[in-house]
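Features reported for this protein in TrEMBL:
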{"type": "DOMAIN", "residues": "17-284", "note": "domain 'DUS-like FMN-binding'"}
{"type": "BINDING", "residues": "Gln81, Lys152, His181, Gly236, Arg237", "note": "FMN binding site"}
{"type": "ACT_SITE", "residues": "Cys111", "note": "active site, proton donor"}
Amino acid sequence: MRITLFSSHQVTIVKLILAPMEGLTDPIMRDVLTHVGSFDWCVTEFIRVTDSVLPDHVYHSYCPELNNQGKTAAGTPVHVQFLGNNPEMLAANAVRAAELGAPAIDMNFGCPAKTVNRHRGGSVLLDEPEVVHELVKAVRDAVPKHIPVSAKMRLGYMDRNFTLENAHAIEDAGAAWVTVHARTKADGYTPPAFWDQLQPIREALKINVIANGEIWTNADAKQCQLESGCQDLMIGRGAVTTPDLTQCIQLNMVGRYKQWIGMMSKHYPEAKALWDEIKRLKKIDEVLEKLNPAHF
């Protein structure tokens, strides 16, 4: 979300997304974390697609939020994620998910599990950028245009030889954005995450690049943004271990915006008036309301 403050100034608001984690961010966990935290959206555990269109009860099992306009009880949109290597069946299942109310479709090219990779799913496909492109394009072409299609990838499978090729493949196939876990499959989940390796991706693509990996604290969030150049963050295990992590990040944002307005108030009468209104506010939503152009 981009909010115009004055005619020549803009503030970019960070998007915070709850990551899909197999066996962890199930519907119950999503319900809890989106009530406690403040996420722009979350993503289901991956739904594996092979050679058929899945029955509706499978979608409702993975994403019961489809019965609530595709949102958790807290109102957070839930994007449906698919994993597989059959373009026709991925497309057909994505269409059905959209018909059932999925607000967006995500595609998994990041899962490092051996059983998944042995069946040519998840991160192993990052050795085949042309296949990545084919799969994303098949889904994008099939799903209604108003439904965003995105993808999640790692830096690579066993190495980083095709990092940019995969990112371009996803963009060229029509994805609205790409989320990049800043490690290869070979790196697993062992620290560190190589946030700096996202910078070339962000610079090379026109679509938004969302950073993911090893964001456990507010300090990690700031450092990830600094090294990657990415504004938006997907948070996984850090959100589980610290359910109010998003509030900590947003509280830091409040301080930064207030500091900026305070400094501008020395030179702009409009900023001085705004500073008087926001200096005692503590919630990001309240500050953003005051920064909204409609407020002026």
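Every residue, even glycine, has its Cβ placed from backbone N, Cα and C.
Distribution of TrEMBL features across the structure.
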residue : record                    : Cβ contacts under 8 Å, 6 or more apart
Gln81   : FMN binding site          : Pro20, Val43, Thr44, Glu45, Phe46, Ile47, Ile105, Asp106, Met107, Asn108, Lys152
Cys111  : active site, proton donor : Glu22, Phe46, Leu83, Asn117, Gly121, Gly122, Ser123
His181  : FMN binding site          : Gly110, Lys152, Met153, Arg154, Leu155, Ala193, Asn212, Gly213
Gly236  : FMN binding site          : Leu18, Ala19, Met21, Thr25, Asn212, Gly213, Ile215
Arg237  : FMN binding site          : Met21, Leu24, Trp216
When you look at Gln81, Lys152, His181, Gly236, Arg237, which the record names as binding FMN, what is the longest CA to CA distance in angstrom?
18
As a test of reading the model: what is the averaged pLDDT for the domain 'DUS-like FMN-binding' (17-284)?
94
